[in-house]
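One structure below.
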């Protein structure tokens, strides 16, 4: 009896050979979508580029965020955050991050420029006499205040080295010298202690809180409030001006994955791995409804532009659609093989785009909740490494990432765009992020090579 051969493949090998072949593509009225003039576009054809000061061997992901009018771009450069003027591409502020770990999310306060707030979420090493563990921290920067004296990773490393030299000199006097490995361990412990001390000072001053930013629009539409998840699976509503906690929304029993207000800011929606979506009164913190009927973890949520409907992406490869008004489960949408972790309504509320693992994206007609479009990569070994993350620009252009590439689709014109790396560049990661300016005229990508590229849309 022959034993079947199992071929294993890692993400680096797969992505290095992936050519973005499709099993299903967009079409309209039985006509296949056509490329926009000049597409596909390759690296080197971008309108502008920012080379980030990140070591080539750094394993940390890079995150970006745009302010409302698109004039300022925040970029996590290793542990720190740099704010660029998008016209000149010059750095206007450098904010020390959350050392010694990496930044995981950045958000600008709506309606503000460089006089508003910037939230930076990340992890740090918390130390005490029992040792070190990791803690999630949200740092709130008031961009209207004078720049603080930045304590950079280099500053902390220099201080740790000086302290280590002094300590080793005293401890080793008249004894056998420490090995290089011992000295390195001592220095790393001191560095972690100094880093955590900086975080503690931020927590004590009220400029940081212990928690993390979830998926979703964490600021309210008017920018007066922001949301974060604390370490107890609760969501905290905080005042953006005073940074004081208004309410803590307690009820979830699993990891909170999404938090967002309705477009009119009257309701907060939250989702969790506890298989529930919960709705809360923004003004009072009162729990209004618990939306159930889900048999797997919930990864993401989205409110319709009019706030009447909520969609949630589920780990069973389905989307649940509820009425916000009465909590009724209206529809269950399928067509995905794996978890759905990206959902976006079009600005006019007529369509919902959803992306999942194994490189699948569907567009649903809200009037019927039928699937109107299917984009799907060829299904073979390695397809499980591919995940689709989608959003709409203010002009209604669908933008999505998959496998380190960026794609666009215009449903009205049935035209598509494609932004990829040039031939000869070996891809080893699918990491990256894409945002669009508020006027819908420019795409900004941070790619797996740690460069930020600006592309002018037609």
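Cβ from N, Cα, C; glycine included.
Unlike curated records, TrEMBL annotations are generated automatically.
As a whole-number mean, the pLDDT of the repeat 'WD' (249-290) in this prediction is 98. Marked as repeat 'WD' by TrEMBL: 249-290 (among others).
Non-local neighbours of the repeat 'WD' (291-332) in the same chain are 215-216, 254, 257-258, 260, 262-264, 266-267, 269-273, 275-279, 338-345, 347-349, 352, 354, 356, 364, 366, 369; each lies 6+ residues outside the stretch with a CB under 8 Å from one of its CB atoms. Among the features that TrEMBL reports, repeat 'WD' is placed at 291-332 (among others).
Long-range contacts of the repeat 'WD' (333-374) within the same chain, counting only residues at least 6 positions beyond its ends with a Cβ under 8 Å from a Cβ of the stretch, are 24, 26-27, 296-297, 299-306, 309, 311-321, 383-384, 386-392, 394-396, 398, 400, 402-403, 409, 411. Taken from TrEMBL, the feature repeat 'WD' applies to 333-374 (among others).
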